[in-house]
Amino acid sequence: CHLIHYLRLSHHLIVLNYLIYTFDMLKSASSEDINITDAIFDGVKVRVFEPPAKRDERLKRSVVYIHGGGWALASARTSLYNNLCGIIAESLNAVVISVEYRLVPEVCFPEQFHDVLRATKHFLQPDVLAEYSVDPSRIAISGDSAGGNLAAAVCQQLSKEENLTVRPKLQALIYPALQAFDFNTPSYQQNMNMAILTRPIMISYWVDYFNGNYDFIHSLLINNHTALDVGQAVSFRRHLNWTSLLPSSFKKNYKPVIQTTGKAEIVQEIPALLDVRAVPLLAENETLQLQPKTYILTCENDVLRDDGVMYAKRLENAGVEVTLDHFDDCFHGCVIFTVWPTDFSAGIQTRKSYIKWLDENL
């Protein structure tokens, strides 16, 4: 894919997605007990998973699910997410709405955010909820990785919209990507070369999401974009002080990487680096206080571990009830790896814990 990218034969992410879909066609992971249909919610494609209706049944719970993939890969229609959403629907007897937001390079930020926001607001309309027999008081917004980013950002936006009559009861974030301010948190340093998601790959996903310049990647890696002389970043630094937000077991012996002088032009050319719709961890406390009861799953072997842990702490400090579900022996992406030939115990373990929390709280 990198060769294709540099030769400009096509966008490397298009090629990678093609390979994913080609491999995915070889597998089948649907449940006969769940009715799966495709729909359009305010111009956005969604896949709906509905358990069979039961006689004299009350209204069902519901989960709006947003898939991961670096805002660029995968789909609500791939077997891995079909399988996950089908199991959520079956385990919880819940209606699951899986949002098929547009991907990089077709669109970049903020279009993915707008797609998920539009689809979610459409679903939250009382008449739409009634159509799917959903209880308006028992709805969760959830997602993994980049989908966890979008879930958190959309949840923040919904909390600020005064005209909504229905709001999510819960948010459940699975190893979410929540900030592009500091690429030298302890987990970024510890797991910089960890399989599945290395630090350079994660930075590349952010650059692609923002339609930024690849020439900035090295500067981002050493935090030149948030150096002390970059005025735009000054007011946000207090929201991402990992020396106070992380427990000592995560900080270990790692030291902050704070440049004295940097490159203000990076933030000038990519202002989304400090846009809370893209980086929810930078939200003000007034917004965090409005967030619903929250579940955050993190894995030790993951560059994004500290994003989730810091968000949990900031939400807790703002008065939100938070469950931080940390797995010492698991890795980024594991929740969807439950289907042969990638049926890992880490995936079964984390998925079971995630669904158990939803079942007990939704």
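Heads up, the Cβ atoms here are built off N, Cα and C, so glycines get one too.
Note: TrEMBL annotation is automatic and uncurated.
Taken from TrEMBL, the feature active site covers S145 (among others).
Under a cutoff of 8 A between CB atoms, and with a sequence separation of 6+ in the same chain, the neighbours of D302 (active site) are Y175, S187, N191, M194, L197, C330, F331, H332. Residues or ranges marked as active site in TrEMBL: D302 (among others).
Per TrEMBL, the feature active site maps to H332 (among others). Taking the Cβ of H332 (active site) as centre and 10 Å as the limit, one finds 25 other Cβ atoms among all the protein chains shown.
According to TrEMBL, the feature domain 'Alpha/beta hydrolase fold-3' maps to 63-218 (among others).
The domain 'Alpha/beta hydrolase fold-3' annotation in TrEMBL covers 275-335 (among others).
With DSSP classes pooled into helix, strand and coil, the tally for the domain 'Alpha/beta hydrolase fold-3' (275-335) is 22 helix, 19 strand, 20 coil. Remark: S145 (active site) has G68, G69, G70, I174, Y175, P176, A177, L304, H332, G333 as non-local neighbours, by Cβ distance under 8 Å and separation of at least 6 in sequence. Looking just at the domain 'Alpha/beta hydrolase fold-3' (63-218), the mean pLDDT is 96.
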